[in-house]
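Following: one structure in structure tokens, then a few remarks.
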Amino acid sequence: MTATLERRESASLWGRFCDWVTSTENRLYIGWFGVLMIPTLLTATAVFIIAFIAAPPVDIDGIREPVSGSLLYGNNIISGAIIPTSAAIGLHFYPIWEAASVDEWLYNGGPYELIVLHFLLGVACYMGREWELSFRLGMRPWIAVAYSAPVAAAAAVFLIYPIGQGSFSDGMPLGISGTFNFMIVFQAEHNILMHPFHMLGVAGVFGGSLFSAMHGSLVTSSLIRETTENESANAGYKFGQEEETYNIVAAHGYFGRLIFQYASFNNSRSLHFFLAAWPVVGIWFTALGISTMAFNLNGFNFNQSVVDSQGRVINTWADIINRANLGMEVMHERNAHNFPLDLASVEAPSVNG
């Protein structure tokens, strides 16, 4: 029998690049999504840092009253932010080359659009990269599905809401106090606390925190001891070991007696699916709620819904919230409005000349 050996031609430069990009042996997986993710996230991060430190004030409301957001213009870490693009720009695509000068671009808040659009592309590619690495390793795709919740939330406040409101100036500022301002104004204009999708998001985040703490504490309390009393129980675990590291039967028995039997999972896979799904679904709903309120489909309005037999209003908590909303609304962008629409009279008074 004769074997014929044929020398394999060396792969082309492109072929070697493809192999390197898709290799799961790299210390950090790159992937085709990573080819776009890396430059977009690096750009967003670099511009954010520079603008947070040194960007000049931005005319956010388009009324020639610039708002300072950077450290060099008097802010600290708490009050500083990347100020959203000016209302004078609206939803226009506003790259540097569309402005007459860099000074004009900075004055109109160009860095905000640059950061937000690169950031959204980057996190979407990060999600795609999670799926891609899972696919290469033969894993199921649910890591990327879970990450879609924060991606949807970011897209809602940075892109969908500005589109619905007609201007990037209504997007969430990139800073701590700016985020709080966004939340307060959002409540004033959309009554988000009375929106059922926001309520589901609160249940998702707080419930997820509770379930995570419950699960972690139950597992930690039911470890199978492999060490002496003089050593930490954590030292008894060896990475990659085949044996269970905790006694799920003991944990199930404890929790079943603490609450009731069927409140406790007896299937580890069902348990971990629940731990992932609860906060993810909640945040999906919140992102959907923001996206609907972007187009002014707002939270429930139960104002003055309880009256006595004489027709006099009996205030409920809904009326208290409404009063707070009106107070917040008259205070924000105080120089941009002659009079808030919500407080304007339905009918103009007649004037007899």
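Just so it is clear, glycine is given a Cβ too, placed from its N, Cα and C backbone atoms.
Looking up the ranges 102-117, 118-133, 246-261 in Swiss-Prot, the one annotated as transmembrane segment turns out to be 118-133. Among the ranges 29-46, 47-64, the stretch that Swiss-Prot annotates as transmembrane segment is 29-46. Between the two most distant C-alpha atoms of the annotated quinone binders (HIS215, SER264, PHE265) there are 11 Å. Cβ contacts within 10 Å of HIS332 ([CaMn4O5] cluster binding site), excluding its own Cβ and spanning all protein chains shown: 14. Spacing of ASP170 ([CaMn4O5] cluster binding site) relative to SER264 (quinone binding site) is 45 Å (Cα to Cα, whole number). The shortest Cα-Cα distance between HIS332 ([CaMn4O5] cluster binding site) and any of the binding-site residues HIS118, PHE265, HIS272 is the one to HIS118. A straight line from the CA of HIS190 (site 'Stabilizes free radical intermediate') to the CA of GLU333 ([CaMn4O5] cluster binding site) spans 16 Å.
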